[in-house]
Ligand SMILES: Nc1ncnc2c1ncn2[C@@H]1O[C@H](COP(=O)(O)OP(=O)(O)OP(=O)(O)O)[C@@H](O)[C@H]1O
Ligand SMILES: [Mg+2]
Ligand SMILES: [Zn+2]
């Protein structure tokens, strides 16, 4: 234990994902030795992130405006919606350059252990979108792990009553137990083009 | 298959050991507490990604060190692979094959196959049903590595479903969301549970005759030993499943049966907040004559039964493709009378490779000639 505020800083850093006590300590002492101007810049960005970032009203992706860049882009096919868990998954799919439709970010996956049920995800918003817009196909691109698969099954059940709607799941070939974000572009691109109807 | 080389660094009591090995019997002899079992444990860890002695990895790391390293050169049908595993508690292990990193440690499963018998195995007979389920699942993975994934999927789905049952049970009433999400988890539990269950049933059907024969070999005067699978599905389990020569269990059929059973026990499950049907509630039954081994068998009988389960596993794996497993016998001979020693030595001598530990030379039967190593403080020397 360090005295006072230094320990507070270590504790705060340690709460971030992927940072253990040792890394937290290392980062804290790095910050203590850093040029004040650099610290000020970091402070400013952290402040802005809280105030400035919002989520797209339509798809739930991070956005600087009411609607995100993709939802505003008239060249993107509104009939095609790719459903992902997190904003970082949007980036992963975008990197493949295989997808010309729009997105829907759920904000996670069904995970009863962490208290996440359908109510905690943006599923109602998805259903409303499909009911209202001219959507013809929904591609479910949740992570290929236990929680992602369960979420996909749930969505398929909710979506099968929409007449004329095609629901597809990313083709297998993605490593099981994985994270969409970490799938390489080629694999993910192939999974997109080879998606199967459910 | 056989190990051509064993190297460990900071594993258990060992700072560093570098041991060239040969096919056939190898005996490690040394006084108590010098690290003989530690070496077998290291080999077993690479084959199963778990220790036969402890559930967590921390005790495997030499006191005061951060990580342990085990490197093995495995020769299978003339082809040599080097497997290297870095074990560090609190974070994922790292694995390399032929010095190239592999995606996940799980990918090394199947490169080395082992069957390990150790005094701890008495728990197979005397311990909780969980010990015997683990025995079956570990053997499944040795038989076909893809079951490592099936098993961990099932465990994850089960934990999620139990969490949901607990919260849904508390809320009660007709919560349409809870009901429809529970159905989703039911489906996943039934699908992965059926795969695990089918594989276990077929395993028990195949393992049974080998185990009975092995028991008759090590305990010729005793009553016959048999094994059987008791499923939480009860009478809903199709007849002939899990029985030698019976019908092969099919995952598709079992998934439907499991799903029905989940539906039927729904109310009780919500009441108690746990999943009441599925392979996690099943039992491998061990029977001597007409009586269950657990609670009835003598010390010697229990011990022989545990040994028969391991020798049966060994014969089963050996009869199938994938490479004859390396046999690891920890401290077994001291417990046996002369006749049984000779019988076990016969099996061991026929193995492509067997590593044996003993505290004193006299414990090792004369039939088991081969390489001898003396294990002393911090050193293994060829005797
Ligand atoms: N993590 C560890 N760090 C250092 N030493 C350890 C560690 N774990 C176990 N040991 C030591 O290893 C020794 C036990 O080794 P092992 O079980 O291999 O003995 P053995 O030669 O098989 O003895 P026996 O003949 O009694 O079975 C003990 O002295 C124990 O203190
Ligand atoms: Mg020992
Ligand atoms: Zn948007």
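Every residue gets a Cβ built from N, Cα and C, even glycine.
Note: TrEMBL annotation is automatic and uncurated.
A helical conformation is recorded for residue B:37 (ATP binding site) in the three-state DSSP classification. Around residue B:37 (ATP binding site), the same-chain residues at least 6 positions away in sequence with a Cβ under 8 Å from its Cβ are B:53, B:118, B:330, B:331, B:357. What TrEMBL lists as ATP binding site is B:30, B:31, B:32, B:33, B:34, B:35, B:36, B:37.
Residues or ranges marked as domain 'RecF/RecN/SMC N-terminal' in TrEMBL: B:2-361.
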Contacting binding-site residues for ligand 2, chosen from B:31, B:34, B:35, B:36, B:37 when the Cβ sits under 6 angstroms of any of its atoms: B:36, B:37
Neighbour tally for residue B:36 (ATP binding site), based on other Cβ positions within 10 Å of its Cβ: 25
All-chain count of other Cβ atoms within 10 Å of residue B:31 (ATP binding site): 12
ATP site, defined by B:30, B:31, B:32, B:33, B:34, B:35, B:36, B:37: further same-chain residues with Cβ within 8 Å of the Cβ centre: B:357, B:359, B:375
Cβ neighbours of residue B:32 (ATP binding site) where a neighbour is any other Cβ within 10 Å: 9
Chain-internal residues near residue B:33 (ATP binding site), provided their CB is under 8 angstroms and they sit 6+ positions away: none
